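A short write-up of the structure that comes next.
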Protein chains: 2
Amino acid sequence: MESFIEVPLDSDFPLENLPWGVFEAPGPAGPQVHVGVALGQHVISATELQLCSIVVPVPVHTRVQGRLNEFMAAGRPAWRAARSTLQRLLNASEGELRDNSELMSRVVHKQADVTMLLPAQIGDYTDFYASRQHATRVGSMFRGPANALNPNWLHLPVGYHGRSSSVVPSGAPVRRPSSAVSSSSPPPRPVVAPSTQVDFELEVAAFIGPGNTLGEAIPVESAWEHVFGLVLMNDWSARDIQKWEYVPLGPFCGKNWATQISPWVVTSEALEPFKCRPPAKQAGDPDVLPYLQEAMPYTYDVNLAVDITPPGVDRATTVTRSNLKHLYWSFAQMIAHHTVGGCNLRPGDLLGSGTISGDEADSSGCLLELTHASRDEIVTEASTGVVRRRYLEDGDVVTLRGWCGGDGVPCRRIGFGRCSGELLPCQP
Amino acid sequence: MESFIEVPLDSDFPLENLPWGVFEAPGPAGPQVHVGVALGQHVISATELQLCSIVVPVPVHTRVQGRLNEFMAAGRPAWRAARSTLQRLLNASEGELRDNSELMSRVVHKQADVTMLLPAQIGDYTDFYASRQHATRVGSMFRGPANALNPNWLHLPVGYHGRSSSVVPSGAPVRRPSSAVSSSSPPPRPVVAPSTQVDFELEVAAFIGPGNTLGEAIPVESAWEHVFGLVLMNDWSARDIQKWEYVPLGPFCGKNWATQISPWVVTSEALEPFKCRPPAKQAGDPDVLPYLQEAMPYTYDVNLAVDITPPGVDRATTVTRSNLKHLYWSFAQMIAHHTVGGCNLRPGDLLGSGTISGDEADSSGCLLELTHASRDEIVTEASTGVVRRRYLEDGDVVTLRGWCGGDGVPCRRIGFGRCSGELLPCQP
Ligand SMILES: [Ca+2]
Ligand SMILES: [Ca+2]
Ligand SMILES: [Mg+2]
Ligand SMILES: [Mg+2]
Ligand code: NI
């Protein structure tokens with residue numbers, strides 16, 4: 001499938017991908033907000049196509065409000081129809097858009113010329129804790145290997161309600177928080193200080209499609225139908241703040257200062273060729289409860305990596321590699337669990353997976369794990385020399401990457417783009 | 001201060017109150033959404049007053065969208081201006097509205113003829129745990145009196161992010177949730193079952209006004225300026241679900257199936273005469289950290305009560321009485337803590353106080369406390385006989401009431417109206 005718009009071979013965004021996003025582009029009367037898709041190094045405005053009566057079946061509210069909530073609500077038939085319209089219009093063999101230079105100038109922008117915004121108004125953001133490897137290694141550090149997993153962990157996807165106001169897109173600066181942390185000696189005497197344990201968390205998050213009515217659960221068998229698509233998510237975390245505050249009601253100031261997502265939502269349609277089986281059960285694992293059992297469970301094979309670029313350093317170092325497929329709990333199971341008691345999910349809600357760690361120590365999804373809670377260091381390398389880290393330092397740029405396939409032509413990579421943020425010093 | 005609209009002596013809504021709300025009223029072209037205030041047994045549409053060019057300074061978006069977020073964002077000068085305009089227009093001595101019968105018919109509706117909606121689009125809902133009496137008694141039950149309060153409790157207002165999608169107004173039916181609960185014998189083998197431990201929680205919640213920019217904290221000294229007003233809140237809770245799920249990330253399915261609020265937001269201006277000092281420190285209590293210290297700390301003296309009406313019973317029984325002034329942490333401190341690390345609060349966000357218990361056992365704000373985790377029973381009395389409860393049963397109606405003053409004429413009561421909901425049986 002080739003477009004008349006050039007797509008570099010190593011692009012995250014071939015015509016098979018077409019992830020959805022919201023962007024501000026220059027217009028004749030000043031900057032204007034569009035909804036649209038990414039293609040190669042360009043963006044395609046669905047808003048402009050509709051205004052020109054080329055029917056991309058995106059609901060009117062989506063165009064007007066400059067966010068994807070209404071489109072997410074429309075469900076899979078609408079998503080498929082929009083995708084196939086766009087794939088036809090953008091195809092190398094199709095002249096309707098290609099040969100209309102006036103239309104092209106309004107519809108096609110370079111990614112370098114637009115500013116990416118959040119894809120949706122996020123009504124509620126929930127974060128899970130779905131990686132067995134992560135929960136086991138973190139639990140081992142704090143409670144020892146015998147009690148690594150809490151009694152509920154293998155029975156339900158543990159999660160908590162996060163803070164939607166501080167979800168920011170890639171590129172937004174992120175500021176080191178200052179809050180109450182406890183000194184180590186008992187009795188605990190807290191002080192207010194900038195966090196010295198700022199960490200990233202490598203996650204994937206799902207944007208919810210139609211969702212459910214309050215009081216009516218979503219069965220696990222239809223739960224994937226409520227996933228509009230996936231993004232990368234860095235759940236920035238301040239471990240020292242979190243540690244002091246989290247008993248008994250969970251993370252609060254340790255997590256609510258920034259949650260960063262990649263701006264392009266890779267759709268379930270684009271991910272379809274990369275469906276795979278979830279990990280096998282281990283001996284002794286309990287059967288999950290019926291509301292979490294799928295006849296044909298699946299997830300997606302999405303490669304993940306985290307790069308760190310310390311300040312003044314001329315290149316990024318990949319500090320961990322993982323994969324979405326390692327998760328013990330799938331997004332379908334998270335959705336079924338979230339709604340089992342009647343809680344309603346709304347279009348545009350965001351569900352984070354929790355830190356995604358692989359089997360190896362160097363496939364851990366956060367520094368807490370990678371350094372064994374600061375026992376070790378990670379090393380970044382550049383021509384300017386070696387830089388070591390236990391936790392993040394001011395000026396560090398953290399970049400999450402994700403991609404499916406791409407191991408050879410003609411197999412194009414379905415990429416997620418980047419979720420990138422620089423850690424700024426604490427507010428003076 | 002008297003209005004030409006009759007206000008019964010025992011009304012929650014004299015001219016001194018004028019709480020804000022959003023309601024759907026019959027109109028010439030079908031039901032229409034208004035913003036406005038309550039007065040006696042009537043509602044006054046600020047939307048209609050503005051359409052008639054009688055300037056109530058409510059931002060245009062508030063009228064158009066039928067929610068108060070923009071008005072909340074406008075801040076105290078705008079709130080005061082709207083209040084004084086309305087108090088003038090509605091005054092017994094003022095003819096502009098009173099003598100215009102056509103205008104009256106559009107602006108004034110009976111409360112019985114309108115449907116109350118949520119006052120705002122709630123971007124994020126946070127629930128705190130600010131009652132020392134509650135935290136102490138619950139902690140004692142589970143960890144013994146010596147360890148009743150967790151080490152962090154006296155140092156910071158513990159809170160968690162709640163679920164905004166399932167915040168519903170008074171009158172909305174509430175459905176008993178079914179979810180995973182653990183049987184008592186170890187090893188824990190969970191089952192999916194309707195919760196048998198459905199509880200109410202008597203809370204007061206603040207609607208946030210202007211709020212703050214991500215990365216910039218709200219100092220405690222100006223935090224009350226960000227409280228638009230207060231409502232009653234029943235944080236419906238399923239104790240058995242909560243108990244099994246909440247370690248280590250906090251309440252989830254135990255809480256996210258319904259949070260119910262009273263629909264009229266009682267403003268800081270109306271509460272002004274009922275300011276009072278917070279409780280005195282106890283011997284040995286630590287100083288709170290500087291970011292939580294106010295020069296002149298205050299809260300409000302708001303009487304609270306919870307009534308239960310079992311099904312088929314002809315009257316309500318008041319099962320507990322408490323008061324907002326008992327809280328150890330004030331809303332100003334909750335706001336300062338919420339934002340200390342840079343988390344942004346947005347206009348229309350909702351901050352719950354946590355269960356508000358008084359000093360006496362019969363002033364406890366939830367059944368878990370009142371019955372000592374089902375050791376005892378509470379008794380409701382009616383002409384049809386006595387009904388006993390450990391937890392709530394299907395068909396029980398739970399009603400929260402709140403009021404300031406009203407101990408005698410001419411001291412009018414500033415009331416909150418009611419937060420009332422019936423517990424429906426679990427979805428079949
Ligand atoms: Ca996380
Ligand atoms: Ca509560
Ligand atoms: Mg976060
Ligand atoms: Mg609740
Ligand atoms: Ni009347």
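Using N, Cα and C of the backbone, Cβ positions are placed for all residues, glycine too.
Listed in TrEMBL for this protein:
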DOMAIN    A:16-119  domain 'Fumarylacetoacetase N-terminal'
DOMAIN    A:125-402  domain 'Fumarylacetoacetase-like C-terminal'
BINDING   A:Asp127, A:Glu201, A:Glu203, A:Asp235  Ca(2+) binding site
BINDING   A:Tyr129, A:Arg143, A:Gln242, A:Tyr246, A:Thr355  substrate binding site
BINDING   A:Asp235, A:Lys255, A:Thr259  Mg(2+) binding site
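What TrEMBL annotates, mapped onto the structure for a quick look.
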residue: A:Asp127; record: Ca(2+) binding site; Cβ contacts under 8 Å, 6 or more apart: A:Gly159, A:Tyr160, A:Gly162, A:Glu203, A:Asp235, A:Lys255, A:Thr259, A:Leu351, A:Gly352, A:Gly354
residue: A:Tyr129; record: substrate binding site; Cβ contacts under 8 Å, 6 or more apart: A:Ala135, A:Trp153, A:Pro157, A:Val158, A:Gly159, A:Gly354, A:Thr355
residue: A:Arg143; record: substrate binding site; Cβ contacts under 8 Å, 6 or more apart: none
residue: A:Glu201; record: Ca(2+) binding site; Cβ contacts under 8 Å, 6 or more apart: A:Met233, A:Asn234, A:Asp235, A:Trp236, A:Ser237, A:Gly354, A:Thr355, A:Gly365, A:Cys366
residue: A:Gln242; record: substrate binding site; Cβ contacts under 8 Å, 6 or more apart: A:Pro251, A:Gly254, A:Lys255
residue: A:Tyr246; record: substrate binding site; Cβ contacts under 8 Å, 6 or more apart: A:Phe252, A:Gly254
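Of A:Tyr129, A:Arg143, A:Glu201, A:Glu203, A:Gln242, A:Tyr246, listed as binding-site residues, those near chain B by the criterion of a Cβ under 8 Å from one of its Cβ atoms are A:Tyr129, A:Tyr246. Contact annotation for binding-site residues (A:Asp127, A:Tyr129, A:Glu201, A:Asp235, A:Thr259) versus ligand 1: A:Asp127, A:Glu201, A:Asp235, each with CB under 6 Å from a ligand atom. Within 10 Å of the Cβ of A:Glu203 (Ca(2+) binding site) there are 29 other Cβ atoms, across all protein chains.
Using DSSP to sort the residues of the domain 'Fumarylacetoacetase N-terminal' (A:16-119) gives these counts of helix, strand and coil: 46 helix, 25 strand, 33 coil. A:Thr259 (Mg(2+) binding site) is surrounded by 27 other CB atoms, counting those within 10 A of its CB over all protein chains shown. Contact annotation for binding-site residues (A:Tyr129, A:Arg143, A:Glu203, A:Asp235, A:Lys255, A:Thr259) versus ligand 3: A:Asp235, A:Lys255, A:Thr259, each with CB under 6 Å from a ligand atom. A:Thr259 (Mg(2+) binding site) falls within a strand segment according to DSSP. Annotated Ca(2+) site A:Asp127, A:Glu201, A:Glu203, A:Asp235; additional same-chain residues within 8 Å of its Cβ mean position, judged by their own Cβ, are A:Leu202, A:Ala205, A:Met233, A:Asn234, A:Ser237, A:Thr259, A:Gly352, A:Ser353, A:Gly354, A:Thr355. As a whole-number mean, the pLDDT of the domain 'Fumarylacetoacetase-like C-terminal' (A:125-402) in this prediction is 95.
The Cβ of A:Lys255 (Mg(2+) binding site) has 27 neighbouring Cβ atoms from other residues within 10 Å, across all protein chains displayed. Within 10 Å of the C-beta of A:Thr355 (substrate binding site) there are 28 other C-beta atoms, taking all protein chains into account. Under the three-state DSSP scheme, A:Arg143 (substrate binding site) falls in the helix class. According to DSSP, A:Asp127 (Ca(2+) binding site) sits within a strand segment. In the three-state DSSP scheme, A:Gln242 (substrate binding site) is classed as helix.
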